[in-house]
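Novice: Dropping a structure here in structure tokens format, bear with me for questions.
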């Protein structure tokens, strides 16, 4: 549905409006059909999901990754890993998302309060998001290592 929204935005920006096509989304009277209302609701829901995903990506940016047939996988974090610029590097962790079959590697902040707490909250333990319940360390990787190797 978001592809449809993108297409519509393109045409609204680049072409002069001359009318509506009678059919699935507009009736003979030119008024929107229930299907258009449903499509618009789905687009709104998709845009909200995208916004939530971007927010999640700021909190847990994807790791950099490479694979070699001789060494296996290497995951590492930098201040721009996952295409997300930030003032911290982080450490690689497996992030388990509800409904996902496999975890994926994300960079996790190691200092300050958890992302969902205010900085002035005195109860945090200065561990960033390391204690998030959906995260898991990579086996054999030191807890604060910026690079982790997962052998074959």
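Backbone N, Cα and C define each Cβ position, glycine as well.
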Novice: In TrEMBL, which of 79-107, 108-136 is labelled region 'Disordered'?
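Specialist: It is 108-136 that TrEMBL describes as region 'Disordered'.
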Novice: Counting only residues 6 or more past its boundaries, what in the same chain has a CB within less than 8 Å of a CB in the region 'Disordered' (108-136)?
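Specialist: Same-chain contacts beyond the ends: 59-60, 88, 90-97, 144.
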